[in-house]
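Feature annotation from TrEMBL assigns domain 'Cytidylate kinase' to 6-211. If you look up TrEMBL, you'll see Gly10, Pro11, Ala12, Gly13, Ser14, Gly15, Lys16, Ser17, Thr18 marked as ATP binding site.
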Amino acid sequence: MINRSIAIDGPAGSGKSTIAKIIAKENNLMYINTGAMYRAVTYYAIKAGISYDEVSKLIDLIDNLEMHFEGDRLIVNGTDITDELTYPEISNNVSNYAAVKEVREKLVSFQQKMSQKYEVIMDGRDIGTVVLKDAKYKFFLTAKAEERAKRRCKELIEKGIEVDFNNILEEIEKRDYIDTHREINPLTKADDAMEIDTSSMTIDEVVKKISGLLN
Ligand code: DC
């Protein structure tokens, strides 16, 4: 299965999940949003009062989470928590939980199992470099931080969440820093990934570019 799989990496707001969702539908692939999985762990950890440095408690917590995707929705222990995952409290804390080695090991192993069972399109930070090293197609999406912050603001406003552009930009830059500087599997472009700067491209243009490369 792994050979028809598509890996998409890139920083927050580069368009990964929007693009991956469309390509999944068009090509009948299972869409795995790995960022949502790290966010789900963060959501339940915060709810249970577990800090990111309480590793054994985190592992126990993850062992008790049954996660699966239904389209682009993430279902955890039978509840659809997708909408809660974009709350600022989660966005501001997720990078710290995602930097914990044991958390990554658990989630990477789960993601690899999914890719053995299904044909997948997976987006995240370490998909082309770690999770799906043998993926047939690898893309690395980028965009200027200001453009990414603009997109995030628009998304949140559409969900009825009040936003401040400068706060969002600051949060994105902080997250970029942690994601690219962490010790375990930092965000980097795989040598064999194609880089696409989406700053001045429409969603449709990016989808067309990627689709044109699949065969
Ligand atoms: O894609 P996103 O913004 O929803 O991801 C949320 C966070 O999860 C991001 O700051 C880094 C982390 N993440 C990761 O470390 N590895 C992945 N494969 C996906 C996300």
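For all residues, glycine too, the Cβ spot is worked out from N, Cα and C.
TrEMBL does not curate its annotations; it predicts them automatically.
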Message: As a check: which entries in Gly10, Ala12, Ser14, Thr18, the binding-site residues, place their Cβ less than 6 Å from an atom of ligand 1?
response: Ala12
Message: Taking every protein chain in this structure into account, which of the binding-site residues Ser14, Thr18 has the most other Cβ atoms within 10 Å of its Cβ?
response: Ser14
Query: Do any residues at least six apart in sequence from Lys16 (ATP binding site), in the same chain, have a Cβ closer than 8 Å to its Cβ, and if so which, in order?
result: Ile8, Asp9, Gly10, Gly35, Asp123, Gly124, Leu141
Task: Express the predicted model's confidence over the domain 'Cytidylate kinase' (6-211) as a mean pLDDT, rounded to an integer.
output: 95
